[in-house]
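Annotation comment: TrEMBL describes Glu43, Ser44, Gly45, Lys46, Ser47, Thr48 as GTP binding site. Annotated Mg(2+) binding site per TrEMBL: Ser47, in sequence order.
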Amino acid sequence: MGCTLSAEERAALDRSKAIEKNLKEDGLTAAKDVKLLLLGAGESGKSTIVKQMKIIHEDGFSGDDVKQYKPVVYSNTIQSLAAIVRAMDTLGLEYGDKERKSSSYIGPDEGMKCL
């Protein structure tokens with residue numbers, strides 16, 4: 001064996017060095033990534049946290065996201081307002097304007113429908 005490499009050995013060595021370089025770069029990139037494991041029961045808000053992080057730290061809502069969530073937000077708003085109006089008598093709360101009470105009737109199914 002001599003001190004020189006054949007063309008095949010040289011090509012293999014170059015490929016090996018390139019692979020090692022890529023592995024090192026990937027390792028440095030992976031070390032910068034933050035990973036978070038969210039544990040919790042179903043419906044405890046894990047996916048909500050992920051969505052909020054995406055909105056805050058990425059580019060926010062896309063046009064399609066806005067179209068998709070708009071009816072949900074409206075429906076949640078109506079349901080919440082209906083719950084407040086229903087609870088006012090139970091909690092002993094009165095309207096600031098007495099005339100509003102007559103226009104605040106919410107039927108049994110109102111506020112529960114999705115828009």
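Using N, Cα and C of the backbone, Cβ positions are placed for all residues, glycine too.
Automatic, uncurated: that is what TrEMBL annotation is.
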C-beta crowding around Ser44 (GTP binding site), within 10 angstroms: 11
Surrounding CB atoms that lie within 10 Å of the CB of Gly45 (GTP binding site), all protein chains: 12
Other C-beta atoms that fall within 10 angstroms of the C-beta of Lys46 (GTP binding site): 14
Cβ-based neighbourhood (8 Å from the centroid) of the GTP site, residues Glu43, Ser44, Gly45, Lys46, Ser47, Thr48 excluded: Leu38, Gly40, Gly42, Ile49
Number of Cβ atoms other than its own within 10 Å, given for Ser47 (GTP binding site): 10
Nonlocal neighbours by CB distance (under 8 Å) for Thr48 (GTP binding site), same chain, sequence gap 6 or more: none
Neighbour tally for Glu43 (GTP binding site), based on other Cβ positions within 10 Å of its Cβ: 8
